[in-house]
Amino acid sequence: MRISVIGCGYLGAVHAASMAELGHDVIGIDVDPGKIQALSAAQAPFFEPGLTDILKSAIASGRLTFSTNPADARSSQVHFIAVGTPQKKGENAADLRFVDAAIDGLIPHLSEGDLVVGKSTVPVGTAARLAQKIADSGSGASLAWNPEFLREGFAVKDTLTPDRLVYGVPSGEAGEAAKRLLDEVYASAIAAETPLVVTDYATAELVKVSANAFLATKISFINAMAEISEVAGADVTALADAIGFDARIGRRFLNAGIGFGGGCLPKDIRAFSARAEELGRGESVRFLLEIDAINMRRRDRAVDMVVEALGGQVYKKKVAVLGLAFKPDSDDVRDSPALDVAVRLNGLGAHVIATDPEAIPNSIRLQPQLGFATDTHDALHGADVVVLVTEWKEYRELDPVTVGDLVREKVIIDGRNVLDPGRWRDAGWTYRGMGRP
Ligand code: UDX
């Protein structure tokens with residue numbers, strides 16, 4: 001099939017390369033010439049395991065090209081919309097200007113029988129509005145909503161072998177036709193057991209935001225238990241293991257620590273709250289504001305623990321910050337709790353030296369005032385306290401004995417509860433986890 005992907009950011013670049021990998025002829029379109037130039041040269045503009053490989057092979061095979069011109073979407077039959085829906089400045093609501101611009105730019109190039117497929121995360125009601133726009137254009141194209149559930153760090157795998165597919169389609173023959181086209185698009189990604197939910201626009205839009213709201217709730221729930229554990233002298237990691245054995249609860253996404261960040265969960269729960277208010281049902285998801293508040297308190301807690309570890313005297317003390325990305329295997333620092341902790345400590349007058357295997361360039365762009373070290377040992381050298389805030393493998397595997405020779409004071413705050421307290425204490429360290437005695 002001939003497919004266009006409008007928007008070549010995180011979602012779009014991965015989607016375009018993955019669709020080509022599935023055997024389709026794909027054109028990725030973006031307004032940013034720098035991004036298009038890099039992608040055309042098979043350079044991923046961000047760190048994502050496996051992406052460069054599939055970009056290279058798809059470009060070499062001629063199945064994947066990139067352009068800044070929306071008119072180049074003309075020869076495609078299926079057009080994915082994969083632009084960003086960031087949080088509006090100073091508001092919780094999502095900013096839909098890129099989605100509208102993408103649709104407006106695409107409409108003149110649509111033909112009878114084309115299918116526009118929304119992948120961006122949008123407030124419920126957006127698809128119906130966009131479908132009307134497309135209908136009003138008289139192009140004869142139709143719209144489907146097909147939310148994306150990819151996780152950064154596993155984006156290629158999640159796209160090539162999705163754990164489920166959701167199609168939001170209009171009723172009647174147009175919906176049947178949309179479903180047939182999407183089945184064809186995903187034919188080689190769908191295994192016999194891949195669950196498929198075919199539903200209406202509103203449900204498809206809500207599936208995405210409610211899934212993210214549930215995940216955020218799970219994380220804040222365990223972080224709330226960490227807050228209680230801290231005052232009760234309990235260990236939240238043992239608690240998570242124990243409740244996680246209940247199959248109805250499950251152990252995944254019960255890792256307490258400095259909380260969630262990234263380009264999705266924080267903005268999506270805020271946009272969901274804002275949309276629910278607009279729909280007159282603000283109270284239904286008001287708990288999400290509490291989920292957000294619990295999440296932000298974990299960053300305060302991590303900062304307080306560092307301050308306490310330094311006996312209240314932060315000024316000019318050397319703090320080694322291990323991690324900047326919002327999670328491992330990513331260079332993404334959008335709404336990163338790790339970067340935020342580093343910034344706050346720096347703001348208190350500490351001499352912060354932060355390190356990360358991939359996220360230093362993005363961090364320098366946002367927070368140039370911080371101190372950075374590309375080498376973990378350089379970051380640790382002479383530290384008065386070490387704080388682990390992104391659980392990269394290399395930090396999880398640090399040897400407390402070797403590291404002990406580098407620092408000035410053997411004090412470590414484990415903001416992700418990934419180190420073995422016994423091992424670190426045996427090596428002479430003061431170990432403190434989040435919600436652990
Ligand atoms: C998320 C959803 O998982 C994905 O389905 C959706 O499509 C996009 O948003 P992503 O943002 O890539 O994906 O990250 P995810 O792996 O979900 O982690 C989000 C944040 O939660 C990270 O900051 C992570 O460190 C934190 N987290 C996760 C916890 O603090 N504890 C956990 O137990 C799990």
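Each residue, glycine too, has its Cβ placed from N, Cα and C.
Among the features that TrEMBL reports, NAD(+) binding site is placed at ASP30, LYS35, THR85, THR121, GLU152, LYS267, ARG334. The feature substrate binding site is assigned by TrEMBL to PHE149, LEU150, ARG151, GLU152, LYS208, PHE253, LEU254, ASN255, ALA256, GLY257, GLY261, LYS327. The active site, nucleophile feature in TrEMBL is assigned to CYS264. The domain 'UDP-glucose/GDP-mannose dehydrogenase C-terminal' annotation in TrEMBL covers 320-421.
Projection of TrEMBL feature records onto the structure.
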residue: ASP30; record: NAD(+) binding site; Cβ within 10 Å: 25
residue: LYS35; record: NAD(+) binding site; Cβ within 10 Å: 20
residue: THR121; record: NAD(+) binding site; Cβ within 10 Å: 24
residue: ARG151; record: substrate binding site; Cβ within 10 Å: 14
residue: LYS208; record: substrate binding site; Cβ within 10 Å: 24
residue: LEU254; record: substrate binding site; Cβ within 10 Å: 20
residue: ALA256; record: substrate binding site; Cβ within 10 Å: 28
residue: GLY261; record: substrate binding site; Cβ within 10 Å: 23
residue: CYS264; record: active site, nucleophile; Cβ within 10 Å: 27
residue: ARG334; record: NAD(+) binding site; Cβ within 10 Å: 19
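For THR85 (NAD(+) binding site), the Cβ neighbour count at a 10 Å cut-off comes to 22, with all displayed protein chains included. Within the set ASP30, LYS35, THR85, THR121, GLU152, LYS267, ARG334 that the record links to NAD(+), no two Cα atoms are more than 24 Å apart, and one pair reaches that distance. In sequence order, ASP158, PRO162, ASP163, ARG164, LYS208, ALA211 make up the list of same-chain residues 6 or more apart from PHE149 (substrate binding site) whose Cβ falls under 8 Å from its Cβ.
For the domain 'UDP-glucose/GDP-mannose dehydrogenase C-terminal' (320-421), the model gives a mean pLDDT of 98. Across the domain 'UDP-glucose/GDP-mannose dehydrogenase C-terminal' (320-421), the DSSP tally of helix, strand and coil residues reads 33 helix, 18 strand, 51 coil. Taking a Cβ cut-off of under 6 Å from any atom of ligand 1, the binding-site residues PHE149, ARG151, GLU152, LYS267 reduce to PHE149, ARG151, GLU152.
Checking each of the binding-site residues (ARG151, LEU254, ALA256) against ARG334 (NAD(+) binding site), the C-alpha distance stays within 10 Å for none of them. Between the CA atoms of ASP30 (NAD(+) binding site) and GLY261 (substrate binding site) there is a gap of 26 Å.
Between the CA atoms of GLU152 (NAD(+) binding site) and ALA256 (substrate binding site) there is a gap of 19 Å. Counting only same-chain residues six or more apart in sequence, the Cβ atoms lying under 8 angstroms from the Cβ of LYS267 (NAD(+) binding site) belong to THR85, PRO86, GLN87, ALA94, ASP335. Nearest by CA distance to ARG151 (substrate binding site), out of the recorded positions LYS35, THR121, CYS264, is CYS264. Nearest neighbour of CYS264 (active site, nucleophile) by Cα distance, taken over the binding-site residues LYS35, THR121, LEU254, ALA256: THR121. Ranking the binding-site residues LEU254, ALA256, GLY261 by Cα distance from THR121 (NAD(+) binding site) puts GLY261 first.
Around GLU152 (NAD(+) binding site), a 10 Å sphere centred on its CB holds 24 further CB atoms from the protein chains shown.
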